[in-house]
Amino acid sequence: MARHPRWTLSQVTELFEKPLLELLFEAQQIHRQHFDPQQVQVSTLLSIKTGACPEDCKYCPQSSRYKTGLEAERLMAVEQVLDSARKAKNAGSTRFCMGAAWKNPHERDMPYLEQIVQGVKAMGLETCMTLGMLNESQAQRLANAGLDYYNHNLDTSPEFYGNIITTRTYQERLDTLEKVREAGIKVCSGGIVGLGETVTDRAGLLLQLANLPTPPESVPINMLVKVKGTPLADNDDVDAFDFIRTIAVARIMMPTSYVRLSAGREQMNEQTQAMCFMAGANSIFYGCKLLTTPNPAEDKDLQLFRKLGLNPQQTRVLAGDNEQQQRLEQTLMTPDTDDYYNAAAL
């Protein structure tokens, strides 16, 4: 039995129809009840196997069905993955996410996946993977290896889903989330704004997520990154206020979940990102690439954090390998210069 309020579509629709400033005020109040409003969880995402995916997700440049110019790459060597994780940690990330362009992993891949989970965990980082669909055995093996989070997005509402993906069903996505949860792994699941969906579809997506038996611990909200060669390359741009509104509704509906600004941040100016944080976003992906799409450079993120008075969650640093962590702390703590201003002091 669910241990949290069940939402109805009419209730969610009412939230989307609220005046924006009233909605933001409500979302910020709820956010402060459950989180430190000045703290942001920082994750890094690495593509451990890029391209040649057999699925037909219309937004994705990694699909083998579309000519996007993306070159397929084999699985990364274990040592290369661990080196990337170490650099991510020392740049300030507390969670290391690893993604593979698969419909699902094969049994032959499991020892490799278990090894990199164990290696990243040994560094003191939280681990997350996104590998497509899982069966019960695979979910349990990843749990036994120490995997903390598994990402499997619902993408959109059940009603609109068939317009975007035909190679796996909505129910298969829900089934994977259930298997992950039953294995004892935390769930990361969200969706994409800008696929051509209606506001009702956005409400339907959040309704599905919030009404899971246990809501996801992490909810990534992506803004569509339009890639030439994909069927959605000519979609209309997402209005910034519509995106901010979606963040706020997600925060209200899932008050204890981390709401993550995910793909599309490169397209957002600082003011839009600031309003997303006000709306209750408290997690970002950090670094120059998000799988195969651009992401703001690390220094740019640090500058924005300092302007807004935000602090990344801290992580332990390996002795003798802390240059980037020192730069992170120096950027956030040094007195104002011409490059920065303290928004909290205005």
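Here the Cβ of each residue, glycine as well, is placed from N, Cα and C on the backbone.
Here is what Swiss-Prot records for this protein:
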type: DOMAIN; residues: 38-256; note: domain 'Radical SAM core'
type: BINDING; residues: Cys53, Cys57, Cys60; note: [4Fe-4S] cluster binding site
type: BINDING; residues: Cys97, Cys128, Cys188, Arg260; note: [2Fe-2S] cluster binding site
Residues near Arg260 ([2Fe-2S] cluster binding site) by Cβ (under 8 Å) yet at least 6 apart in sequence within the same chain, in sequence order, are Gln41, Ser43, Gly190, Ser218, Val219, Pro220, Ile221, Ala281, Ser283, Ile284, Phe285
Mean pLDDT across the domain 'Radical SAM core' (38-256) comes out at 90
Whole-Å Cα distance, Cys53 ([4Fe-4S] cluster binding site) to Cys97 ([2Fe-2S] cluster binding site), is 19
Across every protein chain in view, the count of C-beta atoms other than its own within 10 A of the C-beta of Cys128 ([2Fe-2S] cluster binding site) is 24
Rounded Cα distance, in Å, between Cys60 ([4Fe-4S] cluster binding site) and Cys128 ([2Fe-2S] cluster binding site) is 20
Between the C-alpha atoms of Cys188 ([2Fe-2S] cluster binding site) and Cys57 ([4Fe-4S] cluster binding site), the distance in angstrom, to the nearest integer, is 19
